[in-house]
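Chemist: A single structure is presented below for examination.
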Amino acid sequence: MQRKHKRILFVAVSFIALGCVSAFVLFELSKSISFFCTPTELVADPIKSSRYPIRVGGMIVKGSIVRHGDSVTFSITDLGTELEVTYRGVLPPMFGEDVGAIAKGRFVDGVFIAEELLAKHDEKYMPKKYSSSDAAVIGSS
């Protein structure tokens, strides 16, 4: 083979290999995509949850937490719409009423089935080991 043909073949094989690697990386990354929406957005467009798991966030509604053995059912709200969530697993330590929560899962027949659950805290969070006087000192620095 002539030098010119070898160079063309090398470039062509390189582009094909690069394309295959790029396609593989994009395919693998698409598995980890999870979109975020509010309960109002999810109820308005339930198709969002059909292809990929999504994250939905809001405040846990007072009086909505019901435990069933190792699973829990509760409602979250964005102050517009309430969404029923079912979760099976270990609850986060800060989980409770009037606490922000983010659930990752799928929306099936009007109920959000969560695979992961995170409890949020506000930016003023202080660990219990600090007293209120320590918090004042830390907050002023």
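Every residue gets a Cβ built from N, Cα and C, even glycine.
A quick note: this is a predicted structure, and the numbers were derived from the prediction, not measured.
Dumping what Swiss-Prot says about this protein:
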TOPO_DOM  1-7  topological domain 'Cytoplasmic'
TRANSMEM  8-28  transmembrane segment
TOPO_DOM  29-141  topological domain 'Periplasmic'
BINDING   His121, Tyr125  heme binding site
Chemist: Over the span of the topological domain 'Cytoplasmic' (1-7), count residues by DSSP class, listing helix, strand and coil in order.
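Modeler: Per DSSP, the residues of the topological domain 'Cytoplasmic' (1-7) fall into 5 helix, 0 strand, 2 coil.
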Chemist: Who are the chain neighbours of the topological domain 'Cytoplasmic' (1-7) in space, where the CB to CB distance is under 8 Å and they lie at least 6 residues beyond its ends?
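Modeler: For the topological domain 'Cytoplasmic' (1-7), the list is empty: none.
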Chemist: Grab the pLDDT values for the topological domain 'Periplasmic' (29-141) and give me their mean, rounded.
Modeler: 80
